[in-house]
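Let me begin by presenting the structure, written as structure tokens, before commenting on it.
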Amino acid sequence: MSAVSGLRIVADENMPHVEPWFSGLAHSLTRKPGRTLTRDDLMDADVLLVRSVTQVNADLLTGTPVRFVGSATIGTDHIDQAWLAEQGIAFHHAPGCNAQSVVDWVLSVFARLHLDFELPWWQRTIGVIGAGNVGGKLVDRLKTLGVRTLVCDPPRAEREEREGTLGQDDFVGLNTLLQASDIVCMHAPLTRPGEAGQHATEGLIGADQLALMKPGAWLINAGRGPVIQEGPLQSALDTQCIHAVLDVWPDEPRVSERLLNAVYQASPHVAGYSQEGKWTGTRMLAEALHHWANQPLPSGPDLPQGPTLNAAFFSQDTPEHLGSELVQALHDPARDTVAMQQSVQGDHIPPHTFDALRKEYPKRRELAAAEVSNVPAEAEDWLRKLGFRL
């Protein structure tokens, strides 16, 4: 294939680092709001770069000259990949780009529960539903920390069984996980009936499943909102049978005030919004497009040096308490909750306000970007296993 340049590129306005990575290929580079993108916006476009808020399908692209679609996301439920393939439109996404960011976000929630309720989460049983790019990394981190971890992922279990790599205790059924876990972390992709056979995840967690959870258990969803049914979740929270922390929402981008007020911590679908995750997502698309165009990848931008934290300024009662305080110093999910609560208009957060919260989300670095100094010897192992550099 001969080299291609002079491309007309349309990119989501909230995708970072687009200009340095893509301008060398571009005849024109136009930024558009992803959720309101229309076919008319693409009538003079060769390349479309999106995030999860844009539904890419025949309705959007029919009659346009778009030849390449890139999504700076792990998930692809917003992309009609079959239709793109039928039309000969190249598609690439960014699997794993922000997985570490989501894992760190989950650890920040654990830290908040530890500091607020003296909950020793590392001594509890944690269930992970969905062990793909994100869930798999979370499972690895938890096991490194010595946490008893249960995993439910039927498609992965079936694949490993076919490949002969399935261990006897690698996976459990959904009901077993819900009954045995003190904390349940949702990381399943959103798949609908007809798309994933018997393993469709839309509405996976309803009244029957929530009733299986331990009284007082925690449900954390940083995967996809519609995997949990809103009505049954609301009922379970209203009766205080369980507690919840939500980064994603059943009717996103609209968030009901009632559900918002019932959860302990809330955020606007930003678990994957670390600076590293955003940078990696854009870079992965840049690599894919430059390969497609048979052009060399430019050097691109670098992230600034990460923060330095002095352990001497934090409580050192135990390694775990020090770890929780350091994690909170990088990201405190309570701030996101306040921002969400202040954004309610009437009985809900409207979609445009939800999107504004995401667009204006403060910069956040991953744990591995932070270097911690003056660490007591007895805390070094725990902090390293959490992900910090010492």
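Keep in mind that glycine also has a Cβ here, set from the backbone N, Cα and C atoms.
Per TrEMBL, active site is recorded for Arg224 (among others). For Arg224 (active site), the same-chain residues that are 6 or more apart in sequence and have a Cβ closer than 8 Å to its Cβ are Gly75, Asp77, Ala188, Pro189, Leu190, Thr201, Val248.
The active site feature in TrEMBL is assigned to Glu252 (among others). Under the DSSP three-state reduction, Glu252 (active site) is assigned to coil, being neither helix nor strand. Under a cutoff of 8 A between CB atoms, and with a sequence separation of 6+ in the same chain, the neighbours of Glu252 (active site) are Gly225, His269, Phe354.
What TrEMBL lists as active site, proton donor is His269.
The Cβ of Tyr273 (substrate binding site) lies under 8 Å from the Cβ of Asn98, Ser101, Arg358, Tyr361, Arg364, each of these being in the same chain and 6 or more residues away along the sequence. Taken from TrEMBL, the feature substrate binding site covers Ser52, Thr73, Tyr273.
What TrEMBL records for Asp153, Asp247, Gly272 is NAD(+) binding site. Contacts of Gly272 (NAD(+) binding site) defined by a Cβ separation under 8 A and a same-chain sequence distance of 6+ are given as Ile74, Cys97, Asn98, Ala99, Ser101, Val102, Trp105, Val134, Ala222, in order along the sequence. Secondary structure from DSSP puts Gly272 (NAD(+) binding site) in coil.
Among the features that TrEMBL reports, domain 'D-isomer specific 2-hydroxyacid dehydrogenase catalytic' is placed at 38-293.
Among the features that TrEMBL reports, domain 'D-isomer specific 2-hydroxyacid dehydrogenase NAD-binding' is placed at 123-271.
Annotation source TrEMBL lists domain 'Erythronate-4-phosphate dehydrogenase dimerisation' at 310-387.
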- Item | Composition by DSSP (helix, strand, coil) of residues within the domain 'Erythronate-4-phosphate dehydrogenase dimerisation' (310-387) | 46 helix, 7 strand, 25 coil
- Item | Sorted by sequence, non-Ser52, Thr73, Tyr273 residues with Cβ within 8 Å of centre, substrate | Arg51, Ala72, Ile74, Gly75, Asn98, His269, Gly272, Gly281
- Expressed in Å to no decimal places, the gap between the Cα atoms of Ser52 (substrate binding site) and Asp247 (NAD(+) binding site) is 14
